Amino acid sequence: MEDYFSFFDKPKDPLHFSAIRISVSSPEKIRERSHGEVKKPETINYRTFKPERDGLFCAKIFGPTKDYECNCGKYKRMKHRGIICEKCGVEVIPSKVRRERLGHIDLATPVAHIWFLKSLPSRIGNLLDITLKDLEKVLYFEAFVISDPKNSPLQFCEVMSEDKFLKAQQEYGYDAFSGGMGAEAIRECLKAIDLDELSGQLRTEMMESTSEAKRKKTAKRLKVLEAFKSSGNKPEWMILECIPVLPPELRPLVPLDGGRFATSDLNDLYRRVINRNNRLKRLVELQAPEVIIRNEKRMLQEAVDALFDNGRRGRAIAGPNKRPLKSLSDMLKGKSGRFRQNLLGKRVDYSGRSVIVVGPELKLHQCGLPKKMALELFKPFIYNKLEERGYVTTIKSAKKMVEKERPEVWDVLEEVIREHPVMLNRAPTLHRLGIQAFEPVLIEGKAIQLHPLVCTAFNADFDGDQMAVHLPLSVESQVEARVLMMSTNNILSPAHGKPIIVPSQDMVLGAYYMTRDRRFERVIDETTGKEKIDAESGLPIYRKVKGTGKVFSGPDEVRIAFDAGEVDMQATVKVRMKNLVSDEKPQMIDTTVGRVILKEILPDSVPFSAVNKVMNKKELSNLVDTCYRMADNKETVILADKLKDIGFRYANLAGISICLDDMVIPEGKTEILTKAEDEVKEIQNQYTEGLITDGERYNKVIDIWAKATEDIAKEMLDNLSKEKFFVEGVGVSEEASFNAIHMMADSGARGSHQQIRQLAGMRGLMAKPSGEIIETPITANFREGLTVLQYFISTHGARKGLADTALKTANSGYLTRRLVDVAQDAIIAEEDCGTLDGLVVSSLTEGGEVIEHIGDRILGRVALDDILDPITGDVLVAANEDIDENLVKRIEDAGLEKVKIRSVLTCQSRRGICSKCYGRDLARGHSVNMGEAVGVIAAQSIGEPGTQLTMRTFHIGGTASRRAEQTSLESRTDGILKFINLNTVINAEGHHIVMNRNGEIAVVDETGREREKYLVLYGAKIKIAPGGAVTQGGILAEWDPYTMPILTEFSGKVKFGDIVEGVTMEEQLDEVTGLSRKVIIESKDSDKRPRIAIKGMGGDSADAVTGTIGRYFLPVGANITVQDDSVISAGDIIAKIPRETTKTKDITGGLPRVAELFEARKPKDFAVISEIDGRVSYGKDAKGKRKVIVTPEMGEPKEYLIPKGKHISVHEGDHVRAGEPLMDGSSNPHDILRVLGVKELAKYLVDEVQEVYRLQGVKINDKHIEVIVRQMLRRVRIKDVGDTSLLVDDQVERWVFETENQKVMNEGKRPAIAEPLLLGITKASLSTESFISAASFQETTKVLTQAAIEGKVDYLRGLKENVIMGRLIPAGTGLSSYRNIRMLTEASEPVAQAAESEDVPDVSQQEAA
């Protein structure tokens, strides 16, 4: 009887396990799990469609094909449950066991598992110390291996050819040793290994060995050994005696019509194995010749290889259609494998998709859902309500009713969808705002209506985009959708904490038009309908705007006057305003009518000053931000909706449109062009005379045109933004223009100055497909029209833009995927980790300009120590206090230049990150909550703009966006010039010439505070002496941006050394000019070192013998600018190194740059950096490299070898600091980490990544990049093991290393020593603790092989592994501390229980009393 009841039991909770272990299966395990041996290759009988007995689909082994029915039909239905039929041997149970029952194949000879053989490094090879090549020879029957040398002089595991083996047998006798071929022999070898003994041997070997290579190799072997030791796996299990057979339902065979079958590739692969295995058994029974048996064994090995991993060795086995068969490994690997296709992303029920249209009348929390779609999505809910209401009695009748669409159904639908949020999603979902929840509003038609303000977040437009709708079913999911995902709760962007719900396009234009002011308007002639023109000046006649200068007693009066038509929207008026924020008395305020009308929609807590200005897109964004900070979320949502309405309304009333005459071409255009052409001719002449090189000429020409384009654009914008007119009684006057194109660009509604430049200025320089700039610019603009040649030149750029877009989208998506993968387990795990470490943050400056103020960088962070006012010593911010907007203002007012804050990088939490180190949750505006998945947010914030930018490259239409190179520094303030570690010499003209690389100049005020600071280039000419007075706008320094000079510090006579024509130097003849110049070339003779020596003219402290006072080595490619034996003075240029011809900067250079930084790749020509502070001297050359020696004040000098021909940027006798480059080139992040440590590296990475995004005008908060960098720095490399169980060169998690050391130190032993390790994001993802997460990322087979050998346990701590296992993720509401909270739906039970328990006072008795 109990059997029957158990039928209704719920299945076991799928979440009741807490960890998963993977290990190598032993033959016993395989047989134990199997339900029978598959002996025949047959599948099913083609006539009866019943499975063949003992075949691949056998019902006896795998279970019945029909529920509760045996194969021959003797036993049917539930009553015979569990009986085994005596006729056909099939158990009477549900057919679903065919999805879980395994079979097995007993092999006639052992075979090697290809994963352990071929997955590099080969594990079998590592254990036996045989190379993969030899191992394959043995396994595929081309060579013999000695499995037991006994007492012969042969080596264990020695590999030899057949001839040698036979010779040895003759020499030592047949029983003197044992050996063989194929997997059997290898299995014997593996069995013979004593893990403990070998491990001990290797450890001693490692201690004693001197060569680095040997130690590394031994360490690798030890690693595999230790893995086997600790996991309890036996090495011989890597050789298979029997193979498991997958359950048949997982490799189905489906009959098609016409008598054919569609089958899974696995069946073919299994059939091959079974056929070959059976043939081999027969051959062995028949005692066939050795050759034939060997061949058959080899074929069996190949068949098993193909089954496990087809194509890994040799050619892939192809099916009948010439397509390689999909093996077990292929089922797991790649985008369409099990992990990524079915476990990490599934298709779901209760969803639909449709085209979107704009819904301007919706509220922010609503979306329009087509009735048809709602009816389908909410079906079960509708059936339930219909039954509840008594309209129907059965589900069937409810179904009919809904199909007929009776009026009752629509009423019920209205009720069902009330307050039931739905989720809208637009692909590609690049950040979390790509899925948001809305309350549905039923609409006619078939398109989903979307609120215009959320388009930015979805990156949606209405040109045919589609969106998907999903329905949260359970009460919990509805609560989450409403509280966390509702569009009204996602006003701020998680990437930078500024509002993302901001009016755009028409709405901006409307608000901008409302809040503009004007004093005069044009006069239209009643009769002609055209504007009146003043005869004398030829300018249009304007008159005063209606209502200008009127005074009102309050905003309501303004509204009445405006509605009555007495004042104009843009009229400037005076209004008496109450200040609702503070209780000051009302004031008279100068404003415009439009601004007063806009004030009506503001909440009381936002002051009028927030809208008393011209509202462009940026100001509107600030307004929403201000409202969010001053009022609350609800007020902000209401404001956003009102802004939308008022924006659309007044954009409509403004009636702004574009016409050709709006594109005003500047009058000075021809003049600027002629001037530029003349300059180009002049440069050309200089080149023909040989004064400059071709590269310099090209760079200068490009520069002239870039400047001309900028000048024309500037004049055009000035023209557009102002208009001149004639006013009777006033005369000629001008004020800001109401030109439609200018208004659109100025307000930020549509278009950019770049685009207007192309419409009405000149298109400018274009790039070739290779990225170089074509030196003839397009001088026309779109209004004038392009000539055929100009049009042809511009097609390059346009096409490149389209091609880039396609490629970059994929690249950016891949970057995001890697970032998410590396950061997925960075979760807020605790309140405070109690660290005493943090980062020092200061303002970011570039070229003396502050690009990011300290305030923006510390906002939303937590102070590490008390922040004190430098003058009064008061505490501005207490330690561990969140720095909010008010505190930022206090810090900035106090003039602090550096602030210590807590950072994710220095957080001491073991798993995850603590709330204090992270700071503010940018999307919510308060301290971050426990369980927030900050890693994924960081990854999305960095990845999302990547795709945005790459999708947007082509909008400029391929114009080369290149600025004229900066050639001088101008001062921004008055003050006194100060040199900061700057070496200079005074040249013949009396200017200071900069002679070192990291020098800076600063302008200080009377009190000595630095007002501005600039890095100055080597070779720059400083115009003012130190301590000299600086005036604002005065030139401080000048330099040539196209060449890198080599300067002399001494005056004297030039003497060439090793500069031999045809050996180290060649005279390059310029085709065009016929003049030659001396260029250093790479010389075959490594002893030759081209240099220029300066001989003293007497008086200088010269070298006594040679008279040399200075020597300068010349790199390859340097152009010599002085003659031998000529006389020069200090500060003169003796040679020039041309800089690279500039290519256009674009995120196409940017995205790969970001990827390069996060992958921690070594740059191509990276600079060697000094590891210590000290003085520089040159040593003897070695192996064609130059030797630079850095000698510190105390301690050993360090030597660096620098490749010949690279320009060394330090001179003999210079003082260098640790981390300073000794040559030109980009920094290598690994060097920075080694020399300067974690914080400097983090600073470098954050700044570099930010620079790429800043170029594109994308804002990302620093903390996101820090989170990723933290994940890249999680591991350390062991340098010295001490008394720990770690291995040399092992990479372990930092906290594992620390715990291990703590343990050893507590016992009073020697701790291990390690160095920090910087892993690229791909490497870091693959080396996570969880093998499930790593396997689903990349290199699936490799990860699983390693995990199996180690017997790894996955404790399911990250997000990905839990998604794969189908559990709640341990973040957000799935955090383990929240998981145990359950919702009680029926409220009756707990109360009843409570009444039964003792400690509850009985209410009824109390009432009676």
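FYI, residue positions are counted from 1 along the chain as it appears here.
Every residue gets a Cβ built from N, Cα and C, even glycine.
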Which stretch does Swiss-Prot mark as region 'Disordered', out of 192-212, 213-233, 990-1010, 1389-1409? 1389-1409
Note down the number of other Cβ atoms within 10 Å of the Cβ of Cys85 (Zn(2+) 1 binding site), including every protein chain shown. 20
Give me the CA-CA distance between Cys917 (Zn(2+) 2 binding site) and Asp461 (Mg(2+) binding site), in Å, as a whole number. 38
Among the binding-site residues Asp461, Asp463, Asp465, point out the residue whose Cβ has the most other Cβ atoms within 10 Å, with all shown protein chains included in the count. Asp465
Using CB atoms and a 10 A radius, I'd like the single residue among the binding-site residues Cys70, Cys72, Cys88 with the highest neighbour count. Cys70
If you count the other CB atoms within 10 A of the CB of Cys914 (Zn(2+) 2 binding site), including all protein chains displayed, you should get 22
Taking the Cα atoms as reference points, how far is Cys914 (Zn(2+) 2 binding site) from Cys72 (Zn(2+) 1 binding site) in Å? 65
Restricting the comparison to the binding-site residues Asp461, Asp463, Asp465, Cys833, Cys907, which residue's C-alpha is spatially nearest the C-alpha of Cys85 (Zn(2+) 1 binding site)? Asp465
Hey, for the Mg(2+) site built from Asp461, Asp463, Asp465, who else sits with CB inside 8 A of the CB center? Ile356, Ala460, Phe462, Gly464
Specify the secondary structure state of Cys917 (Zn(2+) 2 binding site) as given by DSSP, simplified to three classes. helix
For Cys88 (Zn(2+) 1 binding site), identify the closest of the binding-site residues Asp461, Asp463, Asp465, Cys833, Cys907, judging by Cα separation. Asp465
By a three-class reduction of DSSP, Asp461 (Mg(2+) binding site) is assigned coil
